[in-house]
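Visitor: Straight out of TrEMBL:
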{"type": "ACT_SITE", "residues": "His71", "note": "active site, proton acceptor"}
{"type": "BINDING", "residues": "Val75, Gly77, Asp79, Glu90", "note": "Ca(2+) 1 binding site"}
{"type": "BINDING", "residues": "Pro162", "note": "substrate binding site"}
{"type": "BINDING", "residues": "His192", "note": "heme b binding site"}
{"type": "BINDING", "residues": "Thr193, Asp248, Asp257", "note": "Ca(2+) 2 binding site"}
{"type": "DISULFID", "residues": "Cys38-Cys116", "note": "disulfide bond"}
{"type": "DISULFID", "residues": "Cys73-Cys78", "note": "disulfide bond"}
{"type": "DISULFID", "residues": "Cys122-Cys325", "note": "disulfide bond"}
{"type": "DISULFID", "residues": "Cys199-Cys234", "note": "disulfide bond"}
{"type": "DOMAIN", "residues": "28-329", "note": "domain 'Plant heme peroxidase family profile'"}
{"type": "SIGNAL", "residues": "1-27", "note": "signal peptide"}
{"type": "SITE", "residues": "Arg67", "note": "site 'Transition state stabilizer'"}
Amino acid sequence: MASARHMGAAALMVALAVLALATGGSAKLQHEFYKGKCNGSDVEAVVKSIVKARFAREAPIVAYLLRMQFHECAVNGCDGGLLIDGPGTEKTAPPNLSVKGYDLIAAIKAELERRCPGVVSCSDIEILATRDAVALAGGPAYKVRTGRRDRRRSRASDVKLPGSEYTAAQAIAYYAKLGMSAYETVLLLGAHTVGATQCRVIKNSRLYGYGGKMGATDPAMDPTIASVYKKSVCPNVTKSDGNTVYLDDQWSALKVDNNYYKNLQRGRGVLLVDQNLYRDGSTRKIVDQLARNDGLFQSMFAKVLVKLSEVNVLTGKQGEIRKVCNKFN
Ligand code: HEM
C-alpha cells in the first residue's frame, strides 16, 4: 500500500518535470528580476531615485507616464515599441503625438547603461517609472514583475487607440480585446484623475456640437461648469483650441485619487468618454462604487495597472535589450 502511494508520488513528480520542460521555453516575468544582475546596483532603486527627482520639479510627469504606459501596452503589448524614433513608427501616429515623458525614460536608461550595459529593458523602465510616479502622486504603492524584453517592431499602422468620444459600450469592447472586464475598463479610465487635455478635444463633442447638433452642449454636463468652460476656458473661437482643460478638478489634477469618479457623478467629467461612464447604467454602478471608496479605488487601480503592464510581453530570449530606448540595436 505504502509503496503504491510512493509510486503514485513518483509518477506525479515525473509528470510535473515533463510539464516544466514543456513550458520551460517561455520564461516568465518575475518580481525583482534584476536583483543581483546590475554589478551591485539596485535597478529599482535607481529608477525610483530618478523618477523622484523629476517628480519634485515636474509633478505632471505622473500623467505623462500613465498615459505612456497605456499607449505602450495597448499596441502590441508592453514592448517598448512606442519609444522608437523615425518615420512611420508608433510615436508618429496621431494619438501619440501628445505623449510626453520620453526624455525621462531615456535618462533612466542612460544611467542604467552606465551601471550595467545591456541588462535592463526599456519596456521594464516604462513600467517601473510609472509605478514610482503613481505612488509619489498619492496613489497606491504596488509591486510589478519585470523581465520584459523590447520588440524589434514599431509601426504607426499598428496603433489603434480608443476615441475620446467612445460610448461606454465601445470602451468596454476595446478593453475586452486586452483581456479587461467592464469593471477594469472603468478602473483604467480612472487614470484621468491626473493630467490635462486641450479645448479642441471637447469643443465639438461636449460644448458646441453635442450629438452632432450645432450649438448643443452635452445635457449631462453640470451647467455651472459648462458655463465656465464656454465663457472662460474654451470660448467658441479657434484661438481657444490649445487652452488647457484639467481632466480632474484642478486641485486634484496631480493626485491619484477617486475624485475623478465623484466628478462624473456631478456631471463634471471632461472627455465625452469619461462622462459616458456615468451616462450608461451598467458602468454607472461601478462609478458609484469607486466614488464612495477611495481605498477600493487605490487597491483595484494598482491591480489593473499591473494587469495592463503584463499584456503581451516578450521575455526570455525574445526581442532584445536595447542600448538606447529610441533605436533598435
Ligand atoms: C477609452 C479610453 C481612453 C480614451 C478615449 C482616452 C483619451 C484621452 C485623451 C483624448 C486625452 C487628452 C490628450 C491630449 O489632449 O493631448 C487623454 C489624456 C490622458 N490619458 Fe487617456 N484615454 C483613455 C484611457 C486612458 C488610460 C487607460 C490611461 C492610463 C492607464 C489614460 C491616461 C491618460 C492620462 C494620464 C492623460 C493626461 C495626459 C497628460 O496630462 O499629458 N487614458 N486621454
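Every residue, even glycine, has its Cβ placed from backbone N, Cα and C.
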Visitor: For the recorded positions Val75, Cys122, Cys234, which Cβ has the most other Cβ atoms within 10 Å, all shown protein chains included?
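Guide: Comparing the recorded positions Val75, Cys122, Cys234, the most crowded Cβ belongs to Cys122.
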Visitor: Given the recorded positions Arg67, Glu90, Pro162, Thr193, return the subset with CB under 6 A from an atom of ligand 1, ordered by sequence, or none if empty.
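Guide: Going through Arg67, Glu90, Pro162, Thr193 in sequence order, those close to ligand 1 turn out to be Arg67, Pro162.
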Visitor: Given the binding-site residues Gly77, His192, Thr193, Asp248, Asp257, find the one whose Cα is closest in space to the Cα of Arg67 (site 'Transition state stabilizer').
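Guide: Going through Gly77, His192, Thr193, Asp248, Asp257 one by one, the Cα closest to that of Arg67 (site 'Transition state stabilizer') is His192.
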Visitor: By CA distance, which of the recorded positions (Cys78, Asp79, Cys116, Asp248, Cys325) lies nearest to Cys234 (disulfide bond)?
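Guide: Nearest listed residue in space: Asp248.
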Visitor: Below 8 Å Cβ to Cβ and six or more residues apart, same chain only. Which residues does that give for Pro162 (substrate binding site)?
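Guide: Counting only residues 6 or more apart in sequence, the Cβ neighbours of Pro162 (substrate binding site) under 8 Å are Gln170, Ala171, Tyr174, Val273.
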Visitor: Just to confirm: which same-chain residues, 6+ apart in sequence, have a Cβ under 8 Å from the Cβ of Asp257 (Ca(2+) 2 binding site)?
Guide: Gly138, Gly139, Thr193, Asp294, Phe297, Gln298
Visitor: Have a look at the recorded positions Cys38, Cys116, Cys199, Asp248, Cys325 and say which one has the shortest Cα distance to Val75 (Ca(2+) 1 binding site).
Guide: Cys325
Visitor: Going along the chain, which residues six or more apart from Cys73 (disulfide bond) have their CB under 8 A from its CB?
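Guide: Set apart from Cys73 (disulfide bond) by at least 6 residues yet with Cβ under 8 Å, we have Leu178, Leu308, Ser309, Val311, Asn312.
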Visitor: Under DSSP, is Val75 (Ca(2+) 1 binding site) helix, strand or coil?
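Guide: It is coil.
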Visitor: In sequence order, what residues of the same chain, 6+ apart, have a Cβ less than 8 Å from the Cβ of Cys325 (disulfide bond)?
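Guide: Correct list: Gly80, Leu83, Tyr102, Ile105, Ala106, Lys109, Cys122, Ile125, Asp150.
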Visitor: Return one of helix, strand or coil for Cys325 (disulfide bond), based on DSSP.
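Guide: DSSP assigns Cys325 (disulfide bond) to coil.
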Visitor: Can you name the recorded positions among Cys38, His71, Glu90, His192, Cys199 whose CA is within 10 A of the CA of Asp248 (Ca(2+) 2 binding site)?
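Guide: So the list reads His192.
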Visitor: With the Ca(2+) 1 site defined by Val75, Gly77, Asp79, Glu90, which remaining residues of that chain have Cβ atoms positioned within 8 Å of the Cβ centroid?
Guide: Glu72, Cys73, Ala74, Asn76, Cys78, Gly80, Gly81, Leu82, Arg151, Arg153, Ser154, Asp158, Asn312
